Amino acid sequence: MRLAIKRRASRGQRPGPDEKRARDMEKARPQWGNPLQFVFACISYAVGLGNVWRFPYLCQMYGGGSFLVPYLIMLIVEGMPLLYLELAVGQRMRQGSIGAWRTISPYLSGVGVASVVVSFFLSMYYNVINAWGFWYLFHSFQDPLPWSVCPLNSNRTGYDEECEKASSTQYFWYRKTLNISPSIQENGGVQWEPALCLTLAWLMVYLCILRGTESTGKVVYFTALMPYCVLIIYLVRGLTLHGATNGLMYMFTPKIEQLANPKAWINAATQIFFSLGLGFGSLIAFASYNEPSNDCQKHAVIVSVINSSTSIFASIVTFSIYGFKATFNYENCLNKVILLLTNSFDLEDGFLTASNLEEVKDYLASTYPNKYSEVFPHIRNCSLESELNTAVQGTGLAFIVYAEAIKNMEVSQLWSVLYFFMLLMLGMGSMLGNTAAILTPLTDSKVISSYLPKEAISGLVCLINCAVGMVFTMEAGNYWFDIFNDYAATLSLLLIVLVETIAVCYVYGLRRFESDLRAMTGRPLNWYWKAMWAFVSPLLIIGLFIFYLSDYILTGTLQYQAWDATQGQLVTKDYPPHALAVIGLLVASSTMCIPLVALGTFIRNRLKRGGSSPVA
């Protein structure tokens with residue numbers, strides 16, 4: 001039986017108490033100061049760290065410019081339609097995720113609960129990135145930058161052994177920032193410096209959300225616009241760097257054969273899906289504060305296009321920096337080889353250059369074979385292509401690769417401050433959406449809001465997240481961060497959004513939803529949106545769900561990358577049983593909300609019917 005939303009009373013008919021309550025709630029609900037605040041809030045939430053550190057990595061992995069083909073196709077068939085769907089649901093129901101899906105059907109309340117659980121998991125670990133951003137920002141004012149050189153050993157007779165085997169940027173990240181343990185089984189204690197940075201990050205979030213849309217609406221102007229200012233500055237600087245063209249040519253040279261690679265399409269769909277923040281409930285929460293007549297279709301298109309354009313723009317910046325770093329390392333490698341051969345064979349200074357290096361190497365190998373064989377093991381194989389092929393994503397790109405490029409720039413402190421300030425703004429903008437996804441359903445709840453004011457609810461949520469997030473500041477914290485980042489949301493969000501599309505199209509009814517949209521926006525629903533919602537997007541999500549589920553099953557024993565201080569590099573290890581249990585709990589705790597809440601609703605309804613039935 002389809003569960004309908006109660007219609008307004010017809011003329012001459014007195015509205016019932018439920019309808020009066022709904023109207024009072026609609027009137028009392030806070031709203032954005034203007035539509036621009038809503039758009040900026042969505043952009044600030046959607047445009048996040050993934051645009052800067054994951055999309056460039058995918059371009060690098062899957063054929064440079066050719067990756068844009070599946071990416072743009074997935075934007076059209078998946079990104080825009082699903083974004084519009086969530087904005088329309090939030091604006092129509094004018095409630096957070098739990099209330100919105102309960103209005104469509106009481107049996108779907110679990111969809112909103114699952115979104116809140118996933119958003120809670122995300123908030124716990126995501127703000128740790130902002131804590132790291134604060135840590136690097138504070139250290140960016142030092143001259144020289146603390147990650148530019150290796151520290152001396154305890155005897156002050158040479159450089160630290162771990163740093164020499166790795167690099168100064170890796171050492172600062174793994175030892176000075178994380179103080180990482182050798183494995184996930186050695187948790188260590190909470191480290192006070194990262195803990196203070198995490199506390200500061202949560203304090204910033206709390207101040208931004210303290211007054212709801214009143215404060216968030218003003219903050220999003222800054223968190224949305226500031227990253228673009230920094231990216232433009234970095235683009236101008238990046239294009240003037242030596243070797244930037246090498247990186248840009250690498251990015252825009254398409255490898256057409258990658259279009260036949262299924263993983264390129266899978267990753268394009270996944271990037272669109274997670275970059276827009278679908279399924280978390282944040283977009284529904286933001287849209288619930290809109291005017292009912294707001295043109296959410298136009299805003300969905302604007303936000304999705306800006307989000308994807310930012311990914312491409314950030315990639316141009318990243319690859320120009322990447323080209324500079326690769327060229328710097330390549331030329332540094334050549335100089336070391338030239339110096340080695342010049343000293344070993346007593347060559348005249350300036351005789352050996354990069355242009356004649358290979359020719360001279362062949363000559364020396366044929367003329368002095370014995371001596372050359374002694375030197376040969378110390379001659380590095382320098383290749384610009386191999387430097388450009390070194391693919392890094394996530395924290396490795398943000399805190400190691402970028403840091404390494406920045407330390408070699410002139411006025412490196414300035415560029416470091418700008419870069420890590422930009423990361424902070426991107427991270428804070430996303431955190432505003434994550435916390436809105438949690439707070440909106442809680443403040444909508446009459447049970448909770450009748451006992452606690454909004455400020456207290458916000459403070460309690462931030463305090464709990466901050467306390468639990470201290471796990472990520474331990475010596476093994478980065479390993480737990482990777483677990484949450486890899487497993488807390490992937491399958492859960494796919495299932496949530498799949499149920500959302502089915503709920504709107506087949507439970508609430510597509511025709512009925514189309515009628516609601518016509519009443520809100522004054523325009524009919526285009527066939528494109530209906531086809532995407534009813535058929536294409538659900539099938540695509542099912543395909544992604546099957547792929548990730550089979551990938552987890554076929555992978556066998558799950559593994560992680562651990563830092564080996566003795567080798568100065570990452571090594572692969574198997575997850576211990578307790579870590580596997582946490583992974584299973586993360587996936588199950590959110591996905592099981594949907595069937596369990598539906599079952600609980602069914603049982604409660606049956607008990608109510610049984611209790612009200614007359615006794616024979």
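Cβ coordinates are placed from backbone N, Cα and C, and glycine is handled just like the others.
Both TRP173 and TRP480 are recorded by Swiss-Prot within identically named topological domains, on the same side of the membrane. Just one residue in ASN179, ASN381 has N-linked glycosylation site written against it in Swiss-Prot, and it is ASN381. Distance between Cα atoms for ASN381 (N-linked glycosylation site) and ASN155 (N-linked glycosylation site): 34 Å, as a whole number.
Contact between the transmembrane segment (534-554) and the transmembrane segment (266-286) holds: at least three of their C-beta pairs are under 8 Å, each pair 6 or more apart in sequence. Among the stretches 38-58, 67-87, 579-599, the one making the largest number of Cβ pairs under 8 Å with the transmembrane segment (219-239) is 38-58. Non-local neighbours of the topological domain 'Cytoplasmic' (211-218) in the same chain are 30-33, 37, 41, 289, 432, 436, 443, 454-455; each lies 6+ residues outside the stretch with a CB under 8 Å from one of its CB atoms. Against the transmembrane segment (104-124), the recorded stretches 67-87, 266-286, 414-434, 456-476, 579-599 differ in Cβ pairs under 8 Å, and the greatest number is found for 579-599.
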